[in-house]
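One structure below.
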């Protein structure tokens, strides 16, 4: 069985993953990765249970970004604190010696945006084959599905054939939605919308539709409770469901199924995965302030942040076993 962390479980766009694995070198392109279905708060901040060091990983990635959080995990405690002090100076945008919730939220949003655009920059050259600083649908299709399209007999009698056949038109539909001027080529901004549709308002309907298609196994255009649960949990030999699955069933009945017909339609799925009343960066900023604000004045001094440094950043002492994949001299 598998379950994601906060919010929905993580999954891969399987057709693109298979394209990466099966295509010969030189034709391989990096797969797009499906993000969590939705980011939701675990509980009210004041009711959050005490956390141990390992549970700080979420905070580290929100505060630093995934790549830089790995870098900090390789540092000594002293080095981590020194770098954190420099970051605090940058977050305190008005230079008054305090970090407010609003300043933290602005920083976290900046980190999130940087991660998205860095991700696009990393894969850009894999798709922009003619180096014209645009990516056409044909370039993307050949980079991702070229081996499958050129060797269809290898896939004809396999389940991979069905997967590729499904994913190709789905990617084309998403590409067209991201291609705002309709010229069948994507600028960097349009390609960013293609790879990260959840970050762009005009792509939200694609996110809802793809989520529905992923979870709706019987093809009735709706998501029933069993399909909802199966998306995050697989039974092993018909064993008992863990408590968290029972809790998710209650969530489905009480909060997801708004019209109480036993199924989720598009509007209910949109309400679930794109909640209008929840700001991830705001919630994380409030959490960090709440956990570090010793004098309860609703803002943080550098001293308060450094006293609780291991919530904001990691070090060798709080390493989660991840390999160092990138080293930044300075954030």
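Glycine residues also receive a Cβ, built from the backbone N, Cα and C atoms like all the rest.
Curation does not apply to TrEMBL; its annotations are automatic.
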From 33-56, 57-80, which range did TrEMBL mark with region 'Disordered'?
33-56
Taking residues 6+ outside the domain 'EF-hand' (79-114), which of them lie with a CB under 8 Å of any CB in it?
62-65, 72, 279, 281-282, 284-286, 288-289, 298-302, 305-306, 309, 312-315, 330-331
For the domain 'EF-hand' (166-201), the mean pLDDT of the predicted model:
96
